[in-house]
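A quick write-up on the structure given underneath.
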Amino acid sequence: MMLALRATRLLGPWTKIQRPSTMQGWMLTRKLSFRAITIKPNEVKIACTITTKRWSSSKTTAPQVRVPKSRNDGNDIKRLLSLAKKDWKLLCIAVGLLTVSCTIGMSLPKVIGMVLDLLKNAISKSEDAELGSADLSIESSELPPIAFGLSLYEFLGCIGAALLIGTAANFGRVVLLRVLSERVVARLRSQVIKKTIHQDAEFFDNNKVGDLISRLGSDAYVVSRSMTQKVSDGFKALLCGGVGVGMMVSISPELSAFLLFFTPPVMLSSMYFGRLIRDNSRKLQEATGQLTRVSEEQFSGVKTVQAFVAEQREIKRYNNVIKDVYNVGKESAFINAKLFTITSSLGDMSFLLVLAYGSYLVLHGGLSIGDLTAYMMYTELTGSAVFGLSSFYSEIMQGVGAASRLFELTDRIPMISPTTGKKYIPGKGEIEFKNVSFAYPTRPGSQIFKSLNFKIEPGSNVCIVGPSGRGKSTIASLLLKYYKPTAGTITVDGQDISKLNSKSLRRHIGIVQQEPILMSGSIRDNITYGLTYEATAEEIRRVTKQCFCHNFITKFPDQYQTILGPNGTLLSGGQKQRIAIARALLKKPNVLILDEATSALDVESESAINYTFGKLMKKKEVTIISIAHRLSTIRRSEIVIVLGNDGSVVEIGKFKTLFGNPLSELSQLLNEKSTINERNPNEKPAETPEQESQKNAANESIVDVVLEEEILQNDIRSQDEKDILDKQPFPDKSSINLKI
């Protein structure tokens, strides 16, 4: 009962906890999922799986709460080791080679001890071994067999051959583990990118690109190194240490028992500092991620930095982040130095004490000189192995720290699954927003929409206008299921998109953004990007001609196979927009979203593109949603939806009707000076909307005549297309000289 009261106090008054008379306990919470658990008599257990959901309220908006899972080092280590599960055969071979090389290497101290004892015994038994004799000589043939009936030099020859085998085994081990390391890091990066690329928009709002790049790069490498190279070193240290301890016990149990007193301090110090190293490793990876974020931002906006002469400012900002990385690295150095100092001191002390006690045993006949020599060498090798184990533990903890950042990506379940849900049944593109409310997850207190309602008929051409920052582009994001509305439903062709498979829906929606993103690759690859079929060359040429980009593409030496740099660095802003429009049209969508899609085009190019959209509108094959500020784009639309400052629809109607009414919201919005200045940098700020409308209508009518002739002839020479698109604006029809 106390648990129930505490839960009620924590979850708030909107939480209701009930315990029915049956043997099941239920916890019901508003907007929270619930499940039943079986309980024993006279025992109260509350089980709740909280699925965070946002809701709309007339007063406040509840923020999204996420409780991070507490990580367990043991589970993380198991997950890291499981990455090499597919290559277990390769790992077993590497371990086998390691066992061979380690066993052969650890036999050397025993061999040295045996040789020393053989020589000592031979000298002591020699009749010529007199005190003060300067002529002491023993022939090798006089020596007894050292082992397995072999003479001294035969035995040493066999040991030399074994050492060569150990060297070859060690070579194979290094190669196999390096290959395994590369496989693991490739597999890990593939898993991370597979999970990350399917995350929702909220995830990318909360995580910077530079940090994600850092995780895929440095974090994955640290994990890979920890799980292959360091695991190999750790296993080698464990194996060599085990062999060394076994040999030491066989040589002298007394000395071995004496050394046991140094084992607990070494283990405790390794565990303590290992946890510190793990935490420090995570801090170091986060600081490195911040460094990557800053540099990525600076290089992406280098032209802006130079334009505002802000180089020194950015250098200072970068240096400040470098200081953070340096401070974390310095802290790591101190932690490792303390660990190594403690383990080294314990090792040196144990070595000296063993030498002292071993000398005592030799003097009293409890140990031979050869055995003491072998024991001291085994002590050194075993101490190095113990030191290696402590170092291995710290390295593993470093890998765990880096892995925890990667597991955060692979463990996160998207709020909007891209694969679950019903398959979208393509229709004609009817769209309806019903009482839709929304606030961005990163800004839950700032509501964008409140009970937004509108309906777009299939095959219509609609333009959405409104003040800046009032959610015009957000409508596109909601329609594409980048985010979930906090309330209400969105339907496409009568199908609730919250119940639809996101991928299935997005395949039938085309979008052209104000700043289109082009991928590295050829122009053809970018135009056919995302298609589920192989487009023919004729299909590509037809759509590029419709979007008036065929002409400038063919001017490149490689034409459609021209390789673009990151984000299409070879193209101008207008060219990139035309490529993006062609990409969207080739997709043959049911719904086409144009988010300031012609903002980078000049008047002639925009008019030509609008003509293409006009042809689509006449066919009623696609629903066009334009988001625009420019009057030339707005007047092309059949219906205009005007959003108010509160995120609701203030008026809907035909452009001529709304624009002709000076009291309408559309007229007042277009008459604002700020909106007029945004239309085109080449336009005079003093122009009124009526003047701009007349000017654009004149230009567009000219282009319409030209394009109608093009359709009739079904061909136009490239030079003529250049006259339309690339030359300066023409004042009247008589200035156009076309040869049809």
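A Cβ is built for glycine as well, from the same backbone N, Cα and C atoms used for every other residue.
Feature region 'Disordered', per TrEMBL, maps to range 718-740 of the set 51-73, 718-740. For the transmembrane segment (257-274), same-chain residues at least 6 beyond its ends with a Cβ under 8 Å from one of its own Cβ atoms are 248, 335-336, 338-339, 342-343, 346, 349-350, 353-354, 357, 379, 386, 389-390, 393-394, 396-397. Same-chain residues lying 6+ beyond the ends of the transmembrane segment (146-171) with a Cβ under 8 Å from its Cβ atoms: 97-98, 100-101, 103-105, 107-108, 111, 114-115, 118, 140. Mean model confidence for the domain 'ABC transporter' (431-671) is a pLDDT of 83.
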